Amino acid sequence: MKYELNVAHLYGDLLNTYGDNGNLLALKYYAKLMDTDLDIQIVSLDEKFDPNAWDVVFFGGGQDYEQTIVSKDIQGKKDDLTDYIEDGGPMLAICGGYQLLGHYYVGADGEKIKGIGALDHYTLSQDDNRFIGDIVIKNKETGEVYHGFENHNGKTYLGKGERPLGEVESGNGNNGEDNSEGVVYKNVYGSYFHGPILTRNGELAKKILLTALKRKYPNADLSSQEQLTIKPTF
Ligand code: GLN
């Protein structure tokens, strides 16, 4: 392979529900088509997140209990993660991970679970309800349509500088109220999609990998990577 990217799997040993780890398999698959090797490592409790060591970050979803554990530890990584994000580092955060990038998440039992506030959203709890089911959204800017499956208690409300990953065409999305699903902030993509999102939406995998390659190899000719056609898998 011509290129190599270092992928941090944030708290991959704690937050890994609903096949979210499949996103890493999908990322590997598309990376191979782009002549790129991925070196994937878990960065978990008590380990430093070095913003200069990683080219892609994946942060999956989890149960409230695991989220409370991660919530405490991640405060020590807050500055480094914020630096990585502000510097344009690509990241995919699903469900619980997406919630913890924001200010807080109120869990199903009412406990306020602190996030890092690197992104300006916050997440409330529903009363005795979860949003569960198939979901389809459309990104207004790119026209891209994403398919997935959502399963979450949290209702997320976007804040400053945040755009939704898409408008809900069917399903519930961030909160079931404002028609938004997920988030785009700089090169961070957040979503409630399990499924996993990248196996069903290869365009997003391509986008994340291209961003990472352009950052790491600014002088490389990446035209063949850019031309890679993604076949719909839904
Ligand atoms: N525990 C969180 C919620 O229920 C996140 C769930 C998840 O990551 N699937 O909203």
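Easy rule for this one: first residue shown is 1, then count along the chain.
Quick reminder: no glycine exception, Cβ is built from N, Cα and C everywhere.
Features reported for this protein in TrEMBL:
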type: DOMAIN; residues: 6-201; note: domain 'CobB/CobQ-like glutamine amidotransferase'
type: ACT_SITE; residues: Cys95; note: active site, nucleophile
type: BINDING; residues: Arg130; note: substrate binding site
type: ACT_SITE; residues: His194; note: active site
C-beta crowding around His194 (active site), within 10 angstroms: 23
Where His194 (active site) falls in three-state DSSP terms: strand
Whole-number mean of pLDDT values that fall within the domain 'CobB/CobQ-like glutamine amidotransferase' (6-201): 97
For Arg130 (substrate binding site): DSSP state (helix, strand, coil): coil
